[in-house]
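If you check TrEMBL, you get these features:
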{"type": "ACT_SITE", "residues": "53", "note": "active site, proton donor"}
{"type": "BINDING", "residues": "113", "note": "substrate binding site"}
{"type": "DOMAIN", "residues": "19-286", "note": "domain 'NADP-dependent oxidoreductase'"}
{"type": "SITE", "residues": "82", "note": "site 'Lowers pKa of active site Tyr'"}
Ligand code: A2P
């Protein structure tokens, strides 16, 4: 029997379910049904969305469809959205637009999507570029000023918690060293056994910040499922490979956000198993054998200060 999905307590006192449904790259025409399936046919009660995914409208329809069945209520569901890089001076506006897209009157968590600012008046509303095709970086981007706007959004009640995403240890330390009144509740980062991020994970733990793992299967095509050690563990525990990668996070106290638009996989990804201490250690050390692999590398033209960050390869946003 699969274990129930545990909840983790945030620094706000609210709880967050440890397994959520990712919606990055979930196509329109499919994501509404995916969200509905997760909320009505599986124990998943956590949906991770973002303004820049350009599918919040359908994500919201899926949530509202699920509520209309009477199987779940709004307060049973944890909904996250994010403020994108051209909106850092317009946090309230971005949140309001996301709420409108989602058809909700509050979200449970609002994240700074990336610690990068792009020109809000550039040649594209989300990903402006200069004539040389490089991103049109906003040199006036001020992380503290943005965070102050997040604190105001939190006080407004339209989001029940605020946090960050794609923050490396040096960037998060910089924010934490400022005179902020709300400590981020979470840091959502790419995380899997090939990118365990011990430095950022330890910093988050020391400050009571919950780590949320995106791309836990390696993103498009789930390339990490073919690793021989992951396969060996899947055979040992008699579960799908995805369950091993998801369980690693759940066992170690992180939130994990597998993305799928396939109903059977969404159901599979709601399951986790207790892994032995030895097997967790094996997964912790996998990158020592196979090397570090970062899948999502945006060429922002800004140093994000991740220890393993380099210019290649680059994932499509
Ligand atoms: P799809 O959405 O077509 O079902 P990640 O969570 O690391 O971002 O990985 C997402 C990718 O993994 C998508 O291509 C998704 O495909 C695929 N995927 C999600 N869950 C599973 C699973 N349980 N088994 C195999 N592939 C999966």
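Each Cβ is built from the backbone N, Cα and C atoms, and glycine gets one as well.
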Practice item. Taking only the Cα atoms, work out how far the residue listed as 'active site, proton donor' lies from the residue listed as 'substrate binding site', in Å, as a whole number. Key: 11
Review point. Where does residue 113 (substrate binding site) sit in the DSSP three-state scheme?
Key: coil
Review point. Counting all other Cβ atoms within 10 Å across every protein chain shown, which of the recorded positions 82, 113 scores highest?
Key: 82
Check your understanding: If you measure residue 113 (substrate binding site) to residue 82 (site 'Lowers pKa of active site Tyr') at Cα, how many Å is it?
Key -> 5
Practice item. Within the domain 'NADP-dependent oxidoreductase' (19-286) only, compute the mean pLDDT. Key: 97
**Study point:** Neighbour count (Cβ, 10 Å) for the residue listed as 'active site, proton donor'
**Key:** 22
